[in-house]
Amino acid sequence: MAADSREEKDGELNVLDDILTEVPEQDDELYNPESEQDKNEKKGSKRKSERMESIDTKRQKPSIHSRQLISKPLSSSVSNNKRIVSTKGKSVTEYKNEEYQRSERNKRLDADRKIRLSSSSSREPYKSQPEKPCLRKRDSERRAKSPTPDGSERIGLEVDRRASRSSQSSKEEGNSEEYGSDHETGSSASSEQGNNTENEEEGGEEDVEEDEEVDEDGDDDEEVDEDAEEEEDEEEDEEEEDEEEEEEEEEEYEQDERDQKEEGNDYDTRSEASDSGSESVSFTDGSVRSGSGTDGSDEKKKERKRARGISPIVFDRSGSSASESYAGSEKKHEKLSSSVRAVRKDQTSKLKYVLQDARFFLIKSNNHENVSLAKAKGVWSTLPVNEKKLNLAFRSARSVILIFSVRESGKFQGFARLSSESHHGGSPIHWVLPAGMSAKMLGGVFKIDWICRRELPFTKSAHLTNPWNEHKPVKIGRDGQEIELECGTQLCLLFPPDESIDLYQLIHKMRHKRRMHSQPRSRGRPSRREPVRDVGRRRPEDYDIHNSRKKPRIDYPPEFHQRPGYLKDPRYQEVDSFTNLIPNRRFSGVRRDVFLNGSYNDYVREFHNMGPPPPWQGMPPYPGIEQPPHHPYYQHHAPPPQAHPPYSGHHPVPHEARYRDKRVHDYDMRVDDFLRRTQAVVSGRRSRPRERDRERERDRPRDNRRDRERDRGRDRERERERICDRDRDRGERGRYRR
């Protein structure tokens, strides 16, 4: 009995020691893996020593490693070689200690239920995710566990696995507080699975220990143990169901991987930035990552990566947090068909053709409404300074590209091409103007063709600088800032392609505009469609400055010479060899060269210098012209020929020919006379009001003088009348006095 009471006291002291040392603080929310690992190692070493003692004593007082959650403080007290003592024949103090122990167990059971519910609810979101790397790791951990009863090694491995798993996944790092709350209860859930598998493998031995313990347990302890075992059985059933679900999901995942291998996908769906373990978790078939964190495992991983020819499929755990990278990375990694690639390549080549030799201008808008209006109507208005600049660029450049950006938006809103110069007087466009600015301050309206209506963030163009704006980033600039050709081209190519735009029509417009502009301004060479005219075959009228009208020519048909009434060409009529005058003309005193090529003033001067014309018929040749006194040398000889010898041998022309020739050649003179008269009339009409004004101005002083003289005469007459009246009055008064 003395030995039994001593053993009972030792057991109670062990239980109290476990309670005081191993119960974690429930309010502590931080998880320290090192301190937890130290506690687990102490606990494992105690269990190992106690088990060895129980084997040495041939299981006289065997202990039980009950299948309970390690997170419960009850498991540590039950598994530490507990001595079951009946309450019969105990003292009052011992009985009170037993009651205190039972109340503490019940409290801990209630706390464990709450913690278990919270931990299970925190794990559910991870199970519902489509990616299943965490489930595969759990299965691999269960396979990799050895059946050895060394609890300290298993617990250390589990802690290392938890640490490496948290470092591999950014999601698990974000949710480390939830995992920490699970660990605060005293141990990790994975060690619970290790104890369960150990109990399954050593089932026979545990059954014997349980039978011996039940025989020795008291009534109160049996009730507590039965309640705990029922809860543990329920938890085991839940865990088995979870494990079955995990195994099914693992099989589905492995089947998917086999299908992908059979299809022979030789491309890498992994982004270059996701190679680091902190962003993604990668898997390989036939390999298990235990996450032990040792150097050997790291070397094996590196060797596997070098030996592998096909890149592994990497599952991005970031989920919905990658909202910005969705548009870029999703399109990069999706496998495009050859037709889609060809269409995009064709679009890029067309865009490069449009941007070739273009001029680029940055357009800054004050609000999104104006840009939306421009996208809808295809028009734009700017200040007169920029309007003049854009008009000059449109005339000189092949294309003018406007890159739009709303102030303080952080993005470019698209780019368009000018399709016309600015025009005024059309239907007004209701722009949204800032305070203090009226629509009259804007210039004309440009028509534009949009090339891309999609947006481009400034962050995508941070590497581009504008040499024409002091090498500042291309996003910086005032409204109308011109961008250098290479910089503008690269900026436009950064925009996402806009499939709603038909670049073929835009190219057609460009060619039409270039053709229209090339026709009026041919640079030194005639166009292909314009007939080439030989410069050497120009008519002499083209060189005549004074001859603004085309002179009539008489071109006779070849049969004209055989007519019976044929007369010689009047252009070759006889010319007086002495005076070089055209004979028998109406104005015969005018020289031929003056008559043909001289101006009207020369003609009038010659006409006034000569005498009156001769009569038409019945008179000797040249009777009205005074013959100059003959030189003695020419008295008996004919005078020498003059300047035009070919005309000297012709005979006199009859009157009909002279009249016909006169009708032709007098046309010009009649026109000149008509113009002179009309000009005189018009100038006279214009001069008449001037002359009237001058006459009025001249007459004004005369009229003023006349008026003044009249006024003076009237004043004189009035004074005379007054004087006469005075004299009369005086005379009459004198008469009355007498």
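Backbone N, Cα and C define each Cβ position, glycine as well.
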Candidate set SER35, SER77, SER271, SER588, residue annotated phosphoserine in Swiss-Prot: SER35
Matching residue for the RNA site, where Swiss-Prot names LYS364, SER365, ASN366, TRP431, ASP479 - out of TRP380, TRP468: TRP380
Helix-strand-coil residue split for the region 'Disordered' (680-738), DSSP-based: 58 helix, 0 strand, 1 coil
Rounded to the nearest Å - Cα separation of SER427 (phosphoserine) and SER438 (phosphoserine): 16
Under 8 Å by Cβ from SER438 (phosphoserine), same chain, sequence gap 6 or more: none
